[in-house]
């Protein structure tokens, strides 16, 4: 957790926990040759905020610890980004810590979470609804963030400060039980300790056991992810067959991770969304569900797809089609978006458009054709994609289903005299 010669940015609010953390690190400073810097954030919310700031600065002077104070508009940030005050405060605190590390060229961030905080976090997540990963609690070391007090109970912290004759600041807002976390801290945990004096220890012990199981599940998830998930644009596609071979807990984790990756965030992706996405595996192809952040989950021929909702304008073209005529055959590399056809077989003007009623497609060398709709069904092209596939059309006859297949009717042969190169951009 702490190494020789470490630079540590210590979060110090002025409350008992952070004051205890600073004092303990000061005691270890000489032994480990630590370079400490106290970081205080004035959130600008409470009237007492400047008293807290003054207290921290005086404490640092007495302890000969350098400090940096940040003044931040947490309330304004919360309103601007549609976040709670707690979320905005946490985001700003860690942003300030990172600034300090950047100024120094690296180091560690020390925060003052303790056993009671761990129990509080678990109970809070349980009350809101969470999975096994949400119950593993905070880690003592996570990347460059360390929590040296995670092994201590609140009463042990207070006893240490009294022994050192060290005062601290009280935050009156911590007594406001309209906030869920405060209610858990001030009412739920004391009630549990009346049932069992070691309730906090037992909750933390459970958290540690869940952490071990969580690591095992993450290993299983990693293997399953490699086997049955692939990136599909900005979305994720899960092979349904492989998905259903996995045990149900792994299926839920696969679904959760696929949705989170497609969304680019974890917040507000709840159990109901994950279960609904898993349930698509048992429904018929074409069924879909709405997901947070403008995502949609679909059962396709290829599997379970989570992606952004896409809408197609009723007017406008599907892109640009570049036509190049030549009277002699040149070897041109044909790719998914470049094709060469027999120009003399064009009956009308070539149009770049989406599908219409009456479209048909020649799919065999002997001239057999079928409706474009039937062709899409036979080729198992997902229903939700059919209206978005650009087409090169000669009236109702489809020349090229762009990105998929060229009509047999328009392909070059030994009798071809003029060639037309079609390039889709």
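Residue positions begin at 1 at the first shown residue.
Every residue gets a Cβ built from N, Cα and C, even glycine.
Per TrEMBL, the features are:
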- 13, 14, 15, 16, 17, 18: ATP binding site (BINDING)
- 350-422: domain 'Lysidine-tRNA(Ile) synthetase C-terminal' (DOMAIN)
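Listed in sequence order, the residues 12, 19, 20, 112, 168, 169, 171 complete the 8 Å Cβ shell around the ATP site centroid, once 13, 14, 15, 16, 17, 18 themselves are left out.
Secondary structure at residue 14 (ATP binding site), taken from DSSP and collapsed to helix, strand or coil, is coil.
Within the same chain, residues at least 6 positions away in sequence whose Cβ sits under 8 Å from that of residue 17 (ATP binding site) are 112, 113, 114, 117, 149, 154, 157.
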